[in-house]
């Protein structure tokens with residue numbers, strides 16, 4: 001088979017799996033699990049094959065036009081360069097892991113068939129985005145991901161949190177998608193084609209008329225999908241979905257799509273230095289703010305969600321300094337360790353019966369109950385905190401190195417200001433990332449108090465996946481050597497300055513948190529807190545759904561718990577209260593958008609009910625009165641009828657006479 | 001006003017001598033016509049307004065008689081006698097029978113007029129105003145010469161009726177026959193309807209209603225054929 | 001004689017009859033009023049016949065012939081009319097025109113029951 005055929009099969013197989021799963025889900029339940037697991041696995045093999053054959057050489061560029069579509073042609077096009085090949089491998093890898101993990105995690109879920117089909121569809125859509133060489137086809141995959149995330153986040157639709165979160169995820173990403181669509185049209189109008197190669201060629205020859213406008217419009221869509229400030233608010237709430245979905249969305253698919261899109265069209269953004277600075281500022285705010293917020297979260301999955309936002313900030317920061325190699329490198333390593341973090345968190349939630357760190361910190365020996373999750377999560381957290389030699393260290397150093405490179409004025413392709421912004425924000429975030437990673441590890445695994453409940457071993461499908469994912473988290477960083485061959489050829493080797501600076505800051509953050517924890521953990525025993533779920537022996541999905549539904553009633557809030565034993569409280573001080581609610585961005589949105597819209601809706605409702613309906617009722621009342629009057633005239637008295645008839649006759653005769661005589 | 005204009009033009013052309021006859025110098029015939037007309041009109045008004053039903057029929061006699069006199073004054077003597085014979089002689093008698101058969105109250109009945117009275121008055125006055133206006137406007141100069149042989153003597157009328165109008169006359173007799181048959185059918189059908197449901201019931205007719213009904217029916221159907229024949 | 005005299009008298013008699021038709025309750029009185037209207041027409045026919053035959057424009061005496069026909073038809077009409085009135089009186093116990101309201105638009109359930117009661121009374 002040619003490489004092109006293989007590449008077409010990569011997104012097609014999960015799609016066919018999804019269709020078959022949806023069709024057979026009720027009639028043949030036995031086929032659902034193979035149909036869910038096998039297509040992503042085959043896709044993974046094929047994607048690896050495509051990557052090997054592509055090998056970082058000349059991009060594979062194939063296209064076919066199904067039908068003429070007017071002035072700007074839309075084609076089914078493949079454009080597979082090194083970025084696309086490797087990201088596709090990551091997507092297929094994480095999707096396979098998630099599907100395998102889900103068979104254990106949602107073992108007893110009655111809606112598992114539709115869930116698995118949607119995950120397959122999600123994967124297929126992401127693979128379309130990755131491989132597509134045509135912007136409209138890319139947009140199709142982009143939007144299918146949006147609707148799949150809506151369904152998957154709302155998987156536990158019995159809980160109000162899940163319903164609200166799914167609608168919020170959908171609306172916020174759509175808010176970005178509208179400018180994104182307009183930006184695509186503007187770009188294609190300038191380039192005369194939706195083909196990525198043509199667009200890039202136009203940009204290279206300086207044929208783009210409004211680079212800043214187009215770049216900013218596209219950035220809005222990217223911010224929505226990749227959860228960048230100010231459109232990131234949907235991501236923490238999306239934790240109301242099942243943990244494997246969170247892993248899929250956060251690690252490889254949805255949020256990666258935005259970064260990948262910018263990486264693909266980076267020359268378009270580089271054509272406007274204003275857009276690059278905006279991107280840098282966006283990345284800086286996202287990184288620092290989300291790291292602070294992560295430090296204040298109580299829900300283990302929300303901590304990870306904010307950490308995703310922060311790591312995505314690193315990626316956009318790398319893009320802002322014009323180094324897409326570093327961005328995609330971090331995307332790949334982050335995809336591995338973040339998937340691992342989420343899946344391990346799922347195991348922990350299942351074992352402990354709660355999603356609250358405050359409750360976990362009052363459980364002794366939780367790590368002994370889930371040794372697999374303990375060891376793999378430790379690896380992943382070290383990777384997250386960018387401690388050498390884990391993968392996160394190398395990819396983050398690549399980002400910081402690129403920023404330092406730009407800041408010191410060695411390149412012309414990105415403004416120096418962007419370099420400084422990214423560098424400073426990245427270093428600050430390095431401290432905070434290490435802090436919240438340490439806090440998470442300490443609270444989850446170093447709890448004191450009652451023994452953690454024993455629910456037996458976790459399903460094999462779940463633990464094996466953790467170890468599989470731990471391998472790239474541990475070792476992928478060493479790929480910095482061969483990777484430049486696949487990417488733009490720029491060196492990804494860690495720079496000494498930033499390596500020392502970054503690692504030192506991470507160690508400082510970790511140690512300070514440890515000190516704070518030593519100071520506060522004594523209080524944990526004195527302040528009993530929290531509750532665990534009612535059915536701890538059920539399958540993991542049920543436990544998690546109950547835990548999510550329980551958090552708000554127990555602590556009075558979705559995100560935080562006022563726990564004096566929390567080191568984050570000590571570290572953040574008065575900032576903790578604001579960080580816990582994501583710096584009130586939801587409240588600001590509520591004031592800026594939700595309330596005006598609701599006020600407008602009630603105004604429209606008032607106008608419709610009171611004003612428009614009054615006219616309608618009035619229009620109905622007049623004929624009704626006339627009808628009543630006419631009914632009254634129907635007395636049945638023949639003499640009345642004849643009187644009216646003759647009166648009319650007399651009037652007509654007189655009128656005719658007057659007209660005839662000319663009076 | 002094409003009709004009035006046409007007739008007025010015709011009147012001017014044919015009776016040029018009419019110019020000398022003014023309304024302020026009436027002839028004797030005109031005075032007689034006017035006086036009898038007033039009586040007729042007055043009797044007609046009383047007929048339609050009186051509260052005593054039987055009196056209305058009697059005042060109708062006066063009106064119809066007055067009209068017969070008018071016919072005489074217009075030299076239509078055969079019509080006048082037919083009027084007296086048929087209207088005064090039979091129609092009014094028939095109406096009186098009708099009043100009796102429907103048990104019309106003798107004496108003043110306060111509800112002789114319906115609630116529609118004022119609307120009726122308005123319509124009638126308006127119609128009268130319009131008609132009188134048109135008629136006067138059209139025929140104020142037209143003069144009818146009544147001198148010479150009578151225009152409607154029995155001989156003249158009979159000649160024209162049996163020379164020129166034989167076919168309509170015979171058709172009219174068919175119409176009268178049809179009316180005769182129709183009146184009988186109307187009366188007899190009611191009896192048949194009443195009788196049919198009573199037939200299947202084996203027991204004696206309960207209550208006093210059916211006998212009184214049939215009594216009324218027989219009176220009605222027994223009275224009307226002679227009345228019809230009188231008309232004929 | 002001026003033609004205006006019989007013409008005006010005829011118009012007035014016609015309108016008197018019109019009033020009677022519209023205002024009288026008793027059906028037989030209505031029939032009388034119809035007779036008045038017919039007679040008004042007859043007067044008109046006779047007057048115009050006399051005028052036109054004198055003016056030698058009509059030799060057939062069509063007006064008088066028509067008057068005779070009208071009288072015959074009026075006699076037939078009064079016979080049939082009285083038969084109908086009597087039939088109605090037999091069926092309903094009244095000859096008042098304003099009580100014959102079967103074609104009325106019912107205003108509500110109460111009205112319908114009222115008419116039903118009236119019917120019951122009439123048949124009793």
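Each Cβ is built from the backbone N, Cα and C atoms, and glycine gets one as well.
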Item to check | A:189-207, A:303-321 - the one TrEMBL records as transmembrane segment | outcome: A:303-321
Checklist entry - Among A:6-24, A:208-224, A:303-321, A:373-394, A:641-660, which stretch has the highest count of C-beta pairs below 8 Å with the transmembrane segment (A:495-517)? => result A:373-394
Checklist entry - Which stretch, A:6-24, A:112-130, A:208-224, A:303-321, tops the Cβ pairs under 8 Å count with the transmembrane segment (A:417-443)? => result A:303-321
Checklist entry - Do at least three C-beta pairs under 8 angstroms join the transmembrane segment (A:6-24) to the transmembrane segment (A:112-130), pairs 6 or more apart in sequence? => result yes
Next on the checklist: Between the transmembrane segment (A:208-224) and the transmembrane segment (A:327-352), are there three or more CB pairs that fall under 8 A, provided the residues in each pair are separated by 6 or more in sequence?
Outcome noted: no
Next on the checklist: With contact taken as 3 or more Cβ pairs under 8 angstroms (pairs 6 or more apart in sequence), are the transmembrane segment (A:112-130) and the transmembrane segment (A:76-100) in contact?
Outcome noted: yes
Checklist outcome for this item: If one takes Cβ-Cβ under 8 Å and requires six or more residues beyond its ends, the residues near the transmembrane segment (A:303-321) are 222, 226-228, 232, 235-236, 238-239, 246, 250, 255, 258-259, 262-263, 266, 269, 276-277, 279-280, 282-284, 286-287, 290-291, 293-294, 297, 327, 330-331, 334, 338, 341-342, 345, 357, 384, 396, 398-399, 402-403, 405-406, 414, 418-419, 421-422, 425-426, 429, 432-433, 436-437, 440, 582
Item to check | Remote residues contacting the transmembrane segment (A:208-224) - C-beta distance under 8 A, at least 6 residues beyond either end | outcome: 142, 172-184, 186-187, 190-191, 202, 230-232, 258-259, 261-262, 265, 268-269, 271-272, 274-275, 278-279, 282, 316
Checklist outcome for this item: In the same chain, residues at least 6 away from the ends of the transmembrane segment (A:373-394) whose Cβ sits under 8 Å of its Cβ atoms read 307, 311, 329, 333-334, 336-338, 340-341, 344-345, 347-348, 351, 367, 430, 433-434, 437-438, 440-441, 444-445, 458, 463, 466-467, 469-470, 472-480, 492, 494, 499, 502-503, 506-507, 509-510
Next on the checklist: Can you work out which residues elsewhere in the same chain, 6+ from the ends of the transmembrane segment (A:464-483), have a Cβ less than 8 Å from its Cβ atoms?
Outcome noted: 97, 100-101, 325, 329, 332-333, 336-337, 339-340, 343-344, 347, 372-373, 375-376, 379-380, 383, 388-395, 398, 492-494
